[in-house]
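Below is one structure, written out as structure tokens; comments come after it.
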Amino acid sequence: MSDNPFRSGFVSIIGRPNVGKSTLLNRILGEKIVITSDKPQTTRNRIQGIHNVPGAQIVFIDTPGIHQARSRLNKYMVEVALSAIREVDLVLFLVEANQKPGEQEQEIIDVLAGATAPVFLVINKVDLTEKGAVLERIAAYKDRYPFREIVPISAGTGDGVDHLVELVRKALPQGPVYFPDDILTDVPERFIAAEIIREKVFRMTRDEVPYATAVEVDSFKEREDGGLVSIAATITVERDSQKGIIIGKKGAMLKKIGSAARVEIEKLLNTKVFLELFVRVRKDWSEDERMLKELGYT
């Protein structure tokens, strides 16, 4: 047997909403595959990012934030996150250095008590927090759970992230190569394109509008000469008033969303993109199980 066996495994990144889970995954991969915003509950689906290092393949799983779920959509999101705890080789519990452990963190710790995989506590945003406060956080969490490792990082600047990845590599079991080494994620490009459009809605609208929005890519066609990708997508909202906000005065907001999304999709695909957006109303879709399935939340 080799003295340095190949290691591989699945690693879930969990935490309450808006602690930097998606930012951390994008930082590790060196590419943006997961959308981000300053609003909580941006991530809705389980997304896998594949990171290859010498002697190992790490499959990171970005999850929705764990929170009190009221709508059917939110309950789906929480179940996605909880299932990612049960099915992995390692759990990264991400918290913020500038926030004391509260009720949400304790609820997650209570869930972790039933986890069979080891758990790392990853303390994010240390660049925005005084060292004394970081040490206080470490002590507070140590009293609550027997974490395998406690790792301070900044997903925003990258500080400590390489060290975290090395600790993750060492903690994984021996295993096979799950994905080809040129694969960055298991989700298709059309899914990422839809997520980019939804991200722009999150960033450019306010109040309930982002949370009432879903995006479907209706068509994704590549020209035979490879010179252009034509994408048609539908933005679904729950109210006529929300549709009006998305479209904006004389279509200005929809044009702004489409323009920003197109630029980012072109970077993703490394080609020119023609993007056409439509807006429709499906009343209370986030509470309707049939519509949730149609929109991909299953």
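Just so you know, the numbers here start at 1 and follow the chain as drawn.
Placement of Cβ uses the backbone N, Cα and C atoms for every residue, glycine included.
Model, not experiment: these values are computed from the prediction.
Residues or ranges marked as domain 'Era-type G' in Swiss-Prot: 7-174. Summarising the annotation, Swiss-Prot assigns region 'G1' to 15-22. The feature GTP binding site is assigned by Swiss-Prot to 15-22, 62-66, 124-127. Annotation comment: Swiss-Prot describes 41-45 as region 'G2', evidence class sequence analysis. If you look up Swiss-Prot, you'll see 62-65 marked as region 'G3'. Look at Swiss-Prot and you will find 124-127 tagged as region 'G4'. The domain 'KH type-2' feature in Swiss-Prot is assigned to 205-283.
Its Cβ taken as reference, Thr63 (GTP binding site) is surrounded by 25 other Cβ atoms within 10 Å in the chains shown. Of all the Cβ atoms in the protein chains shown, 30 others lie within 10 Å of the Cβ of Lys21 (GTP binding site).
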